[in-house]
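Read through the structure below, which is laid out as structure tokens, and then see the notes.
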Amino acid sequence: MIVPIVLFLTLCPSELSAWGSPGDPIVCGVRTETNKSIQIEWKEGRSEKLCQIDRLGHVTSWLRNHSSFQGLIGQVKGRPSVSYFPEGASYPRWSGLLSPCDAEWLGLIAVSKAGDTDMIVPGPTYKGKIFVERPTYNGYKGWGCADGKSLSHSGTYCETDSSVSSGLIQGDRVLWVGEVVCQRGTPVPEDVFSELVSLSQSEFPDVCKIDGVALNQCEQESIPQPLDVAWIDVGRSHKVLMREHKTKWVQESSAKDFVCFKVGQGPCSKQEEDDCMSKGNCHGDEVFCRMAGCSARMQDNQEGCRCELLQKPGEIIVNYGGVSVRPTCYGFSRMMATLEVHKPDRELTGCTGCHLECIEGGVKIVTLTSELRSATVCASHFCASAKGGSKTTDILFHTGALVGPNSIRITGQLLDGSKFSFDGHCIFPDGCMALDCTFCKEFLRNPQCYPVKKWLFLVVVIMCCYCALMLLTNILRAIGVWGTWVFAPIKLALALGLRLAKLSKKGLVAVVTRGQMIVNDELHQVRVERGEQNEGRQGYGPRGPIRHWLYSPALILILTTSICSGCDELVHAESKSITCKSASGNEKECSVTGRALLPAVNPGQEACLHFSVPGSPDSKCLKIKVKSINLRCKQASSYYVPEAKARCTSVRRCRWAGDCQSGCPTYFSSNSFSDDWANRMDRAGLGMSGCSDGCGGAACGCFNAAPSCIFWRKWVENPSNRVWKVSPCASWVLAATIELTLPSGEVKTLEPVTGQATQMFKGVAITYLGSSIEIVGMTRLCEMKEMGTGIMALAPCNDPGHAIMGNVGEIQCSSIESAKHIRSDGCIWNADLVGIELRVDDAVCFSKLTSVEAVANFSKIPATISGVRFDQGNHGESRIYGSPLDITRVSGEFSVSFRGMRLKLSEISASCTGEITNVSGCYSCMTGASVSIKLHSSKNTTGHLKCDSDETAFSVMEGTHTYRPHMSFDKAVIDEECVLNCGGHSSKLLLKGSLVFMDVPRFVDGSYVQTYHSKVPAGGRVPNPVDWLNALFGDGITRWILGIIGVLLACVMLFVVVVAITRRLIKGLTQRAKVA
């Protein structure tokens, strides 16, 4: 706790011992002795300290107006002995400027005792300091300790310090926090002050309070933390904070720019000073004599008044947001600020008051607590997305895509910002129950689902075809009659031409034949032999044309009959990879080492690796269930991008003032800093400096007509401290999200990326061997992640090391910390991002920066780019995954590496009995068929079902249960004998049922199918003709023939009946007409 004290300043008579010689620095001399009996009024809480007032504007006037003051002017060691924070503050270099202490002596500001709510800023080393002062947002505060004590290192309390003596305080025991210069400012009206405050609020939107005083209204704010900020004091209730501003120094021909004194005596009287200024009745330096005029006779009078220009830049004018003010004080210091805390997106939770309802073709999400913002629902390998806005939202999948029981996974976000994720379960119509239309496209594709309607439909179709054929025949006959009249002349001309051609050909053939006869007479014997050979060849010639039509049905059957891979793949592990030994409890302990390849399956399906060893009735399975197959970004080197803002500042100095002695100094380079900026900006920040000529002369507020110097600097800063991690994508590769189930029952979710093995889990590592895929428009996409909130986006970006304007990555930093502060040693940029325009008094800048936040908001995940929907996952390093909206076929398989995976097999056989109760689903499709098996087992084991079309394995529990393994078939009517092996016990089961044909899924708004493997069937546009005939008439050619004959006979009989009824009706109507 800081102990408040009341001390009295020890003073001595105001005798000025020496003023130095003309041209020397003016330093107020002091007496070495002190007069403790003389006291002045002192403010409560101030410690005993001395302030130097040398070479100050109005110093002579101040002394003259305070002639009754009996005190010590000046500090023994001079101002440089006072400590400053930050070190190396620039204003001590300008001895003509007022420090806060000086300004208080002149009555410009008032330093008050720090209260309990005032906070001392962290950063400086306070140990050994007796008095500390810093500007606060609404004043100037001082902290002090009593005699014999000094502040602790952190400044939070006073501690005993034997090296601190009472009486006069040495300068190195006084600490000024901040860089402050003061002057007599010009008051500003209330409306101007309100405009300045409004500008300040817009530049500091995230700052809630400064030193406990509200700047912006915030819903939630952080704890106080230090903030280094530039400010001006215009004499109002509080200071005005600034970021981007400009300063200029003006010189005015007034008494406050000169000091008049008598060498060795002290200040001139008021009358003497007025005479110097108005009549020139004194001597002085060159500037004073040029401005006021010095009489020649006074130049040699060394005892008269001498006036000299105060060696200071002049009076400071600050331009902030286009408003120019002459402040009372201008500074850069550390204050305590609270920042707005943005409510982060709530963690993924179960949605309270949310539930799922199953509707036709999709689901309905009901959110009771808040409206839905967005949601993604996945079932099997189909997904659908929706943007809500209400508490009840319908989300539809592909038409007819979902059949049977389906697990539903829902992830989304509510309007109140909370995220949720929960699972549901829906049972959709399966098999023929999913078809509820008559004489529609699905009816034509699945006649097996309409045992009565299909025959009626066939009869109607045949009758319609017959009628159409009769109509077509009549039309052709009519056309033939009409054509006889129209084409008769043309036919006559063609006949005459043909006759002439035949006669010409006959004459030509006769001539050729005569020539051949003459030659053959001479070679009669050769001709005879040749004739015999020809007769022999004719005996072996073809007896008639080949009947191609007999072979066509066979070829069609061969081409249209397809055998598809199973939806749930089963692979038997090689026994040589398994090493077993006997263990207690009738078990074998086995270790698996080696490698196996599992064929790829589609999302929602499982691939199994079956383990069995000779002599053991038991077997186990390792299962890989594919949850999704997506595109993932294969990241190149990452970098960090700040949410940067362009800044610039400038200071104009007249010629001869400060650094502008002979124009822009040669040493001022792109990395130089003006003294006016000494601690107002981070010297380690990324920026560029320069110096240019400005206006000069009286019109520009300068004594010298030569061009003044405009020192300018442009830089970038990150006021919000928001940083994005940008990861350019070298390529987009396939990755799978899988659920690995070990034979022991342990389950783990993995995300293998193409060509990269996962970490070893219980002796198992998975490598996904996916094919490459190319999508136009994705080559320059980069993953972007906001490091604070975790928001992710996809957008084009620059390659590492190439800061090209117009893309994300114009500024690239090597670390988060470098990006927060945009350090020059850790960031690169293009200096053209911030343009600079020089004006008469200052320089203004314009920004060409690309807003990273705006780009991220535009392409925020979830998003659809180049026909690919991108979502944000919950696992893995690469958190963005893409799903092509169009049906995408890829190839791939899983490589499973084993390094000592443990496996336990029972040596006791199980007794299994059961039957197949139902088969439903689709054939030659992506989802496959579901086989219902009711089994009773004497123990937990593994069941292996092998049919002619497919085989599968599933876990069997002790007792009676119903299991629904998935299998794949390539025909509509199933009638197969299967073998069930359950824990060493084998039995035969009969599998009968009908499956439906599933079309390639049709899209609805917001719905898409996840990427699937090309080796697994995915449906088609039309059924296989053989499957369709089997579904219509039954399995086998005999049934086809009988069915076709039956349909034709039915059509004939129906035709006869219809004709008979028609004739009878016509005859009846005719007889009635005659009677009438």
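Cβ atoms here come from the backbone N, Cα and C positions, even for glycine.
Per Swiss-Prot, the residue from Cys654, Cys660, Cys664 that shares a disulphide bond with Cys702 is Cys654. Between Asn65, Asn918, the residue that has N-linked glycosylation site written against it in Swiss-Prot is Asn918.
The disulfide bond recorded by Swiss-Prot for Cys182 joins it to Cys329 [selected from Cys28, Cys51, Cys307, Cys329]. The record in Swiss-Prot lists a disulphide bond between Cys664 and one of Cys648, Cys691, Cys695, namely Cys691. For Cys660, the partner cysteine in a disulfide bond according to Swiss-Prot, taken from Cys608, Cys709, Cys729, is Cys709. Among the residue ranges 429-451, 544-566, 590-612, 728-750, the one that Swiss-Prot annotates as region 'Internal signal sequence for glycoprotein C' is 544-566. Note: the Cα of Asn940 (N-linked glycosylation site) and the Cα of Asn857 (N-linked glycosylation site) are spaced 54 Å from each other.
You'll find the Cα of Asn918 (N-linked glycosylation site) roughly 52 Å from the Cα of Asn857 (N-linked glycosylation site). Across the topological domain 'Lumenal' (19-455), mean pLDDT in this model comes to 73.
Under the three-state DSSP scheme, Asn918 (N-linked glycosylation site) falls in the strand class. When the Cα atoms are compared, Asn857 (N-linked glycosylation site) and Lys1074 (site 'Important for glycoprotein C and glycoprotein N subcellular location') turn out to be 89 Å apart.
Around the Cβ of Lys1074 (site 'Important for glycoprotein C and glycoprotein N subcellular location'), the number of neighbouring Cβ atoms within 10 Å comes to 6.
Other Cβ atoms within 10 Å of the Cβ of Asn918 (N-linked glycosylation site) number 16 in total over all chains.
For the region 'Fusion loop' (695-709), the DSSP-based tally of helix, strand and coil residues reads 3 helix, 2 strand, 10 coil. Local packing around the glycosylation sites Asn857, Asn940 was summarised as the count of other Cβ atoms within 10 Å of each Cβ; on this measure the leading residue is Asn940. Applying DSSP to the region 'Fusion loop' (654-660) sorts its residues as follows: 0 helix, 2 strand, 5 coil.
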